[in-house]
Amino acid sequence: MFFYYCDLAWRSIRKTPMLSMLMVLAISIGIGITITTLNVYKTMSYNPAGERSEVINSVQLWSQGLDTWDDFISNITYIDAMNLRNNQQLSLKAATFRTGLALQSDNPKIEPVLQSVRVTDRDFFRIFSVPFLYGSYWDASVDLRPAYQVVISQKLNLRFFEGKNSVGKTVFLDRKPYQIVGVIDHWNPQPKYYDPLNGAFNDAEEIFIPFSLTAQEEFDVWGNTSGWKFEPMITYSDRLASEKVWIQFWTELNSEDEKQHYQSWLTRYVEQQRAIGRFTDTAKSAAEAVQISDIDKWLEDNNVVPQDNKILVGLSLLFLSVCLVNILGLLLTKFLKRAPEVGVRRAIGASRGQIFSQYMVEVGMIGFIGGLVGLLWAWGSLTALHSYFSMDQSVTGLDASMWVITPLIAISTAVLAGIYPAWVVCRTKPSVYLKAQ
Amino acid sequence: MLHIKPILSSLMRSKSSPILLLLQIILSVAIVANASFIIYERLSLMQRESGYAEAQILTFSVYNFDPAIDNIKQNEVDQLILRALPNVIDASSSNMLPLSDSGWMDRYVDGPNEDTAKSTPGFAFYLGNDHLLNVMGAKLVAGRNFNPDEINTNIDDPGMLAIVSQPLAKAFWGDESPLGKTMYQGTQTVTIIGVVDKLQGAWVDHENFEYSVIQNVDFGGSSSNKMYMVRALPEHIPALEEAIRSALHAENPNRVLDNFQTVAELKNLSYSNHRLMATVLSMMVVLLLLITALGLTGMVMFNIQRRTKQIGTRRALGARKRDIIQYFMVENYLICIVGGVIGGVLALVLGQQLMSLYSLPMVPVIYPIMSVIGLLVVTTLAVIVPATKAANISPAMATRSV
């Protein structure tokens, strides 16, 4: 019976090509716009940490003076980063910031390139579950006693060492030799949740070097440095001793208990710092001057999903509802026009239920075609977003879930629009039309 | 004259399709009003004058990784090389690039005592030499530029001078002239010697975007990471990148030259989110009107088919063609106006929601009104074609049985 209805629906659709095209157009445009905005929203609001979202935590401190900043700043000072690194209670902890260095190898044929570099501790790789192709992260002793060791990406390994195991080999960063200890396998979390501050959809760095080298190598900071008071910033040691914030601090807290424990340790730390004259804004209590953010909160606080995007999702849903009303009107028009035909069918024995399901199959078919066309629209507009507005590929790629969501939205929209017209038409009294004929 | 009463009673007889139309008009007005307001806002952001000769300024970064390089000397030599290149109008080092979304922000206070002094609003803090103003293409409206012998090499040197943007001067000193005023940064003093009419900062969405200061420091000498701006006529810019690369690499090969971009390109990139929003919303508005119009045409056509007999009868009883057209138009306008009023109210409510959720400004009432007018025009176009067709129905149709 279902296939018979499908056949009938297809005939009916072909009988009024303009009207059917109009309906498919309306539903497909509505779907196209909704899917485009939903897709961008969904990929932007994706949490790459998955089930580790609550375990991975960053630390913010209210280190500012009175009447300066109104919110917690994502970064902390070098002094605090060093103190938090030295806290032996935590099992895993890592300070990190971004810098840039000129990269050269023994291979003279490859020109030096300026590379974005992540400066961090060894626990970074464990906290963020970074996969290794060869070797591993540097030894724990390197975090205490600086050594020129480096972890590189498989892409760099491919370029400089033809993809062979390069552990033990040397690369030059700013003309200093660094020994390779590990090669990272494919790893490029999107959004770049470990540092969304300078472009949440940038690619992951290709080079990782020990944070312990910072003081002696005086790495430039390729990120935000914010200050709330005037401090001379002439030499690098001025920076290290300043109240300027520019470092992110990460830790792993496996249970609510550990979190509580760490929170109270941090509270004591703030009290201690206040005693020696830092953290001068005492309007907040010491406990309130500490913030531990898991990944969900961190992504939210750093506005990874732009406001515009939320507005667009809302407006496109409204748009879809206009399309729905539009199709409702058109379907009503079309079905009522066929009332005489329904009258005859009813007279020769079709039940109301049969008429109703026949028309619902037709509506579902229009929805399905509209959904397919809408997916094409969405694909087209996402491609346009990528090429004309330089939006990142990771955001404009069609999310796999959209293949399920699109037909679902399309058919439910059509069915929602079709129920009333189908109900009206199945209530047709055969006698009226038999008489008129 | 317009025969509203019979139209109303016929609308009342078959309620469902006028109600649907009404609903569609209401939603459309709400969406179009809010969307066009957001579009207008974004476009006016993008049309602000920047104060720069945008298309004439080529910017790039230099990273010297040779530890033997003396940064201060190298910076001077490099700038001489840049200015000597053919077609180059002028060149200067800088610490940040206009409209680039990254840079320095700072503030001055007006006294040596930090506790009592009043602070200026935050401003974009450019550091450059006597050539920078010419490279930027900024217009001095009061005071003077730095002299070549007044340029410092370090940010903590004495003898700091500053040129401020007019909006900043207005915001802090009001109508008083800022020229000759002494400002403080910690213990360091800065004397204001010039005012330029316009000089935007780096962050297009920042509330202090128009507040900028240039201070007399040749920043290219202070670290191995440098930025330069070179001014040339737009037709000479494409060839310039290669010329700069080879000239600077010939001087010293141990460096990476990168990020060649004009200020116009930087601006384009910084505004890309706003452009995107305006484009997407414009397309939404156009498509919405299109769908509404097509849907309306379809429905009116159907109504006409259903009422062929009545129309024929009216014509037979003496109605003129324009009476028939008028009938459909008035019917449409009735629905549009009722829908427009309700939709306008809904638009304002929606605007209020957006305002409270996303700190957007409130939609002015003119936007819903304009949207209704726009819809009236579109629906007129959508109705007039089928209505004209209806008017051509011959009176003889009435007597024929269908």
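Cβ from N, Cα, C; glycine included.
Under the heading domain 'MacB-like periplasmic core', TrEMBL lists A:20-219.
According to TrEMBL, the feature domain 'ABC3 transporter permease C-terminal' maps to A:315-430. The DSSP breakdown of the domain 'ABC3 transporter permease C-terminal' (A:315-430), given as helix, strand and coil counts, is 99 helix, 0 strand, 17 coil.
Annotation source TrEMBL lists transmembrane segment at A:21-41 (among others).
Taking Cβ pairs closer than 8 Å, the transmembrane segment (A:311-336) reaches residues 16, 19, 22-23, 26-27, 29-31, 33-34, 36-38, 40-41, 359, 363, 366, 409, 413-414, 416-418, 420-422, 424-425 in its own chain, all 6 or more past its ends. The transmembrane segment annotation in TrEMBL covers A:311-336 (among others).
The transmembrane segment annotation in TrEMBL covers A:356-380 (among others).
Residues annotated as transmembrane segment in TrEMBL: A:400-425 (among others).
Sequence-remote contacts of a segment are chain residues at least 6 beyond its ends whose Cβ falls under 8 Å from one of its Cβ atoms, and for the transmembrane segment (A:400-425) they are 27, 30-31, 34-35, 38-39, 42, 320, 323-325, 327-328, 331-332, 334-336, 338-339, 342, 355-356, 359-360, 362-364, 366-368, 370-372, 374-375, 378.
The average pLDDT for the domain 'MacB-like periplasmic core' (A:20-219) in the predicted structure is 90.
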